[in-house]
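**Q** Sharing a structure here in structure tokens format.
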Amino acid sequence: MSLHEVISHPGEHEKDIKTFDQHHDTLPNIPKATVEPGAQVKDVKNAELYAAIHESQIPRWSKRSIHLYFAVFVSFCCACANGYDGSLMTAVLAMPHFQNTFHSGTTGPKVSVIFSLYTVGAMVGAPFAAILSDKFGRRRAMVCGSIVIIAGMIIAATSKHVPQFVVARFVLGFGIAIMTVAAPAYSIEIAPPHWRGRCTGFYNCGWFGGSIPAAAVTYGCNNIDSNLSWQLPLIFQAFACLIVLIGVWFIPESPRYLMANGKEDEAVEFLVRYHGADDPNSKLVHLEIEEMKEGIRLDGIDKVWWDYRPLFLTHNGRWRMAQVIMIGVFGQFSGNGLGYFNTVIYENLGVTSVSKQLAYNLLNSVVSAIGALTAVSLTDIMNRRPVLIIGTLGCAVTLAINSGLSAKLDSQTQSGNVTQSVAQGALAAYFLFNVVNSFTYTPLQGVLPSEALDTNMRAKGLAVYGFVVNGMGFINQFCGPIALRNIGYKYIYIFVGWDVIEAILWYLFCVESQGRTIEQLEWVYSQPNPVKASLKVDKVVIESSGKVVEKVEA
């Protein structure tokens, strides 16, 4: 008898399911004193999941796994489109031919409008993104987002006046909203539980997959003595979207989306193929299927496009949304929003050559990516809470060093006696901040909101997340140029104090989600104190052979 038969026809195999549940979903409890010599006792977040993973090995380089990596890569390209814009505009604004065409300047209200209409478009697009993702599936939503971004690119690249360019920014933001709701949901829903952090964290590192090429392209195109110097970088923004448009037809749909829409057989087939290495008797597959059947509703809020109430009117929903809103706000407002204006910051630190500013912009993207990718490689073994608490404090420290040295540099500039080492120290501190911030936030900006939301509320919750992220982006992009013009380096002081507050809030309210399945987090968020519940661990007995046999009584 296959898993497909058991799952698809529960009435016919009720006895088999009962036997399976006893064998796969529970481990016998034993007193600690009876643990046999040679066996080890290990603390784990969930005993059943640990046992299933331990005994259900997925070959890393099998045909199925490589196909799964490709599926994650397609979602990664969605984040690349977003990251490309992050480095694009700060560099394009510094180009002489762009300024000759639009006369925008590099700071001030006109720049604020050009930057912020991108985030306004994303905020407006967020609820539509949720509808597309829930009704038509994660893959089709990614296609729709790609088409909208390509349309926005055409409008931008053919612009000759600021109003047309601003409209293009709005359209681009609208398209990005669709992609960045569908893609992270897709990444987390297709990943095996023990690969979830790396798959979703890698998706969000697509920011650097876009920002580094953007910085390199703008650096190279700056040498072109025509409007192509800024038009070509805008055109290349569509490259990642073309990959998505082609690749999406060669990847499977999310099993959780399939389960939520009554396509149970297809969901089971996906899990057996990609999580069970084609073994229908895989313990991990059985565990995931049973939890999906229990936790995913066919009449959930994903079927009613306007209903966001469960996200805010229930204890469970409020705690979930607290995680989403905190990572949305803190991930954008920890000082990293300054990156939109890197060239201005470099000028404040004494780097006045446009060529050097663009080179530093590229270098900053590379070192930040190193920090982010290092974190991605560790995401499935590192607890979320300590990373967020300690990392955010690290952001405060590095920004404090940068702002202190910037103050010293400012006083030296006014006296006409500048010490080069002070400027270099301030620049190094700013680079170090970006490494710390990327390590702390870049992977978890994709992982944490997706983990915090169950399947039925994921698209809507990610739409709210996108709205919050872009709302904070609007503040960064609209207020940043004005603040940098009026108070210069002192603007950084705000983030030093705010990062300390963020670290305290993470300590008080961050729910630990590492080490559990998405469905198992339902129990955590339903507890009176989800933070305390998330820190609960099970003890399992591991025989000398490596087999997990029992759970030790507390």
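Keep in mind that glycine also has a Cβ here, set from the backbone N, Cα and C atoms.
Marked as domain 'Major facilitator superfamily (MFS) profile' by TrEMBL: 71-514. Among the features that TrEMBL reports, transmembrane segment is placed at 66-84, 111-132, 141-159, 165-188, 200-220, 232-251, 324-346, 358-379, 386-405, 462-484, 491-509.
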**Q** Going through 66-84, 111-132, 165-188, 232-251, 491-509 one by one, which has the most CB pairs that fall under 8 Å from the transmembrane segment (141-159)?
**A** 165-188
**Q** How about the transmembrane segment (111-132) and the transmembrane segment (358-379): at least 3 CB pairs under 8 Å, pairs 6 or more apart in sequence, or not?
**A** no
**Q** Would the transmembrane segment (358-379) count as touching the transmembrane segment (165-188), if touching means at least three Cβ pairs under 8 Å and pairs must be 6 or more apart in sequence?
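**A** They do not touch: fewer than three Cβ pairs between the two stretches lie under 8 Å.
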**Q** Contact between the transmembrane segment (200-220) and the transmembrane segment (462-484) is defined here as three or more C-beta pairs under 8 Å separated by at least 6 residues; is that satisfied?
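**A** Answer no, regions not in contact.
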**Q** Let me check one thing: do the transmembrane segment (232-251) and the transmembrane segment (491-509) come into contact, meaning three or more Cβ pairs under 8 Å with sequence separation of at least 6?
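**A** No, these stretches are not in contact.
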**Q** Who are the long-range neighbours of the transmembrane segment (200-220) in its own chain, taking Cβ under 8 Å and residues 6 or more past its ends?
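**A** Tertiary neighbours of the transmembrane segment (200-220) are 72, 75-88, 91-92, 95, 183-184, 187-188, 191, 232-233, 236-237, 240, 355, 358-359, 361-362, 364-366, 368-369, 372-373, 375-376, 379, 438, 442-447, 450-451.
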**Q** For the transmembrane segment (165-188), what are the same-chain contacts with Cβ under 8 Å, counting residues 6+ beyond its ends?
**A** 71-72, 75-76, 78-79, 81-82, 85, 102, 113-115, 117-126, 128-130, 132-133, 138-139, 141-142, 144-153, 155-156, 159, 196, 199-200, 202-204, 237, 244, 254, 446-447, 449-451, 458-459, 462-463, 466, 470, 518
**Q** On the 0 to 100 scale, where does the mean pLDDT of the domain 'Major facilitator superfamily (MFS) profile' (71-514) fall?
**A** 86
